[in-house]
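To start, the structure itself, in structure tokens.
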2 protein chains.
Amino acid sequence: MRTEWIKKRMNDKTRTQMYYAKKGIITEEMEYVAKEENLDPELVRSEVARGRLIIPANINHKHLKPMAIGRVSKTKVNSNIGASALASDIEEEVRKLETSVKYGADTVMDLSAGAKNMDEIREAIIAASPVPIGTVPMYQIIDEIGDVLELTYDDILRVLEKQAKQGVSYFTIHAGLLLRHMPEIAKRKMGIVSRGGSLTASWMLKHHKENPFYTIFDDILDICKEYDVSLSLGDSLRPGCLYDASDKAQLEELKVLGELTLRAWDKDVQVMIEGPGHVPINEIERNVRLEQIYCHEAPFYVLGPLVLDIGAGYDHIGSAIGAAMAAWYGVSMLCYVTPKEHLGLPNEEDVREGMLAYKIAAHSADIARKIPGARDKDDEMSDARYKFDWKKQFELALDPERAKEYHDETLPQEVFKEAEFCSMCGPKFCSYKVTQDAMENFDWDEFKKEAEEKMKAEANN
Amino acid sequence: MRTEWIKKRMNDKTRTQMYYAKKGIITEEMEYVAKEENLDPELVRSEVARGRLIIPANINHKHLKPMAIGRVSKTKVNSNIGASALASDIEEEVRKLETSVKYGADTVMDLSAGAKNMDEIREAIIAASPVPIGTVPMYQIIDEIGDVLELTYDDILRVLEKQAKQGVSYFTIHAGLLLRHMPEIAKRKMGIVSRGGSLTASWMLKHHKENPFYTIFDDILDICKEYDVSLSLGDSLRPGCLYDASDKAQLEELKVLGELTLRAWDKDVQVMIEGPGHVPINEIERNVRLEQIYCHEAPFYVLGPLVLDIGAGYDHIGSAIGAAMAAWYGVSMLCYVTPKEHLGLPNEEDVREGMLAYKIAAHSADIARKIPGARDKDDEMSDARYKFDWKKQFELALDPERAKEYHDETLPQEVFKEAEFCSMCGPKFCSYKVTQDAMENFDWDEFKKEAEEKMKAEANN
């Protein structure tokens, strides 16, 4: 789809969506997004120009279906996949991608680390993906050099260039963690829980040198600009527990991300900001507002947040609570969390559970934000329920297979697909049925007449 | 435990907790609750007297461990169990009770309906239960008379008296639905979704008579007063979908529940108010505030609420989002929802999933409300995580068995219980480990000296 679109732009020096938006040009990607989101194309353009909406779309990911992340569009959900040293099968990763997309992932991050064939895996994932693919390039950098302490600026740029050429649409870059933040980290219960952040910090502490991603940020921007890779500015200092939430370390880094945002926009590079993590319910709104202030309303992309620390085994639920609230308050994309969080590597069923929890969070926030049409399917579902149209109910559910499976667990026979009850209350106690029967047989005109007579009689007394 | 306490009160004409509280007497139940909740006993007494805190404790449930529902105490969770026409095994119901209590249910409602041996089942449940048992007496009333249209006032009082004698600690009574609300119901997508409410409405519409529970409310109060059964004033008109949320039908009934609250308090009967149901995220706070205003701050007890209608199969998650927010805004007890909601009868695993989702909602709200000590276990968990103390982590989790099971799925061997990594990131990419190593080997004094010198040099420039 994008092959023709991008061909036309061959002779333009800059080809990022933000560049065109600032020029007043509505790209085909913006048109596509506007149609998908039911928005005015001019609004999409102006929001992209302003940096409040991003369309992560590497010019080399030509079969990508453009999508947008920002406050005028629907809330998006990201799924994480990726090979490791123990499991690095290309087909398995492509299968995880397909599972993610099936259950509604809007973007997918390939977090492969330690795998031997990372380039091949990434190539296969991008080839198979209709959604933008993001990465944390630090993982491949470490893999290539072996020891993080040996890291050079050239290593960073080499890997970024390679991944950008492959068609990665956004990079998580941990450029906001600075040497001056280190003493604040020592005050925490859990230090640095961002993988990329902790690796970067170990290099900084060893060499007593400033964050390498910060130092060469302009060179990084040049690569992003060339391929239209969006930056997902990583929060190395996101809190790893409620105790560390909203502390000075986190908020000082957030301010640096705001500075970097302006530098990126200056080069027409699209930006989103990564956020926590672990945040108690009463601090979620404040976290969202501070991001909007410090980072100039660049789209906020959060991991959860988890609203408790003792929910292990059910962290998809504890974090979906935080995610729904965050999205309602102003977050644009949610990174899903699976039931295996804090315990181990998720399997395919965990991906499904995590995705569904997050589709629920995103959807319920969109309803609350009154995004036009957001509640349409919910209203159709209510009609189907009241009509006992079970097949329609399964069809409308976010996970139709699961809904049908649960219904059929107790009433599998085809005849029950039109039954005026389910196994929860049985035929005698179904409130829908009881109400319908009572209402249908009721003479409303007579009721009205009686009520009027009663009112008259009372008035005469 | 309570046998001696209640014996002492034998000659008192009224023996409800509210009666003693108003008299300025701190009962043993209040003392017990104060200790459990880490509150001043005098505060507990004054809140019970004011009606903002209830201690549902039938004088005939003598082995009950007293607990309290209200805003000064921790958020509570209710689990529903109950036999049906198809499954009415006493042992199974007792097992469901035990499962509920194991996973943290603070009260349990026996919603048996259509079963042949309902009295026996209720007796067995109360005998086995350390937590207060609630019921919806309408279900047994219908069972005894066969046809709801034959209902008489005596039927209601007979069943209430019987259940009160058995030791039921709270009754859901649908007394707030009045004839004048009927035209509003016709405007809804889903009519009446409360089972007790729909049955009551069908009697009212058939006979053109006012709600029988409303009509004989004073007689109901007399029974409650005699046994100290708390009233859970049911919301017959709770919305069954987002479309119907916060409509006139719902709010008009809520006002009636407020009137009934004052009448109950006047007779020293404890009251809580039942609430929705299905409410979009942006209307949850308003629903809580209106209950506080209309119902004079009587404890609010809600079912979810669900924040979307298309999450079937995952409604425990969609409703846990609403429940956590509701509890944060001011709800005192949450009625759990299982993954089978809208689809069928929950099994034991569903009870577990539902309970955990709701313990998470209640706990995270208590943290946000800054209930003293609410976050202690979370902080211990964070320490255990940073120390890689896996056994301690399992122990601290809300569901230790599940946490261990998930961890062991990939790393079952005993040696991994002390490993400084898990299967999520593997040994090389564990951010805790990387941070700890970097921090431990770092010379903080030298870092400070360098920073100071740098600042001086900059100042001199």
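Every residue number used here counts from 1 along the chain in the order it is shown.
Any Cβ shown, glycine's included, is placed from N, Cα and C.
What you are looking at is a predicted structure, and each value in this text was computed from that prediction instead of being measured.
Substrate binding, as stated in Swiss-Prot, involves B:Asn80, B:Met109, B:His174, B:Ser194, B:Arg195, B:Gly196, B:Asp235, B:Ser236, B:Leu237, B:Arg238, B:Glu274, B:Tyr301; the candidate among B:Tyr20, B:Tyr32, B:Tyr139, B:Tyr358 given for that site is B:Tyr139. Listed in sequence order, B:His407, B:Thr410, B:Leu411, B:Phe416, B:Cys430 are the same-chain residues six or more apart from B:Cys422 ([4Fe-4S] cluster binding site) with CB atoms under 8 A from its CB. DSSP gives B:Tyr139 (substrate binding site) a helix state.
Apart from the site residues B:Cys422, B:Cys425, B:Cys430, the chain places the Cβ of B:Phe421, B:Ser423, B:Met424, B:Gly426, B:Pro427, B:Phe429, B:Ser431, B:Tyr432, B:Lys433 no farther than 8 Å from the centroid of the site's Cβ atoms, the recorded [4Fe-4S] cluster location. B:His278 (Zn(2+) binding site) and B:Gly196 (substrate binding site) are 17 Å apart (CA-CA, integer value). Cβ neighbour count for B:Ser236 (substrate binding site): 30 (other Cβ atoms within 10 Å of its Cβ, all protein chains included).
Listed in sequence order, the binding-site residues near B:Arg238 (substrate binding site) (C-alpha within 10 Å of its C-alpha) are B:His278, out of B:His278, B:His342, B:Cys425. Of B:His278, B:His342, B:Cys425, all annotated as binding-site residues, the residue with the shortest Cα distance to B:Tyr139 (substrate binding site) is B:His342. Sparsest Cβ environment among the binding-site residues B:His278, B:His342 (other Cβ atoms counted within 10 Å): B:His342. Long-range Cβ contacts of B:Tyr301 (substrate binding site) within its own chain (separation 6+, distance under 8 Å): B:Ile69, B:Asn78, B:Ser232, B:Met272, B:Ile273, B:Glu274, B:Gly275, B:Val331, B:Ser332, B:Met333, B:Leu334, B:Cys335. Checking the binding-site residues B:Asn80, B:Ser194, B:His342, B:Cys422, B:Cys425 against chain A with a Cβ-Cβ cut-off under 8 Å leaves B:Ser194, B:His342, B:Cys422, B:Cys425.
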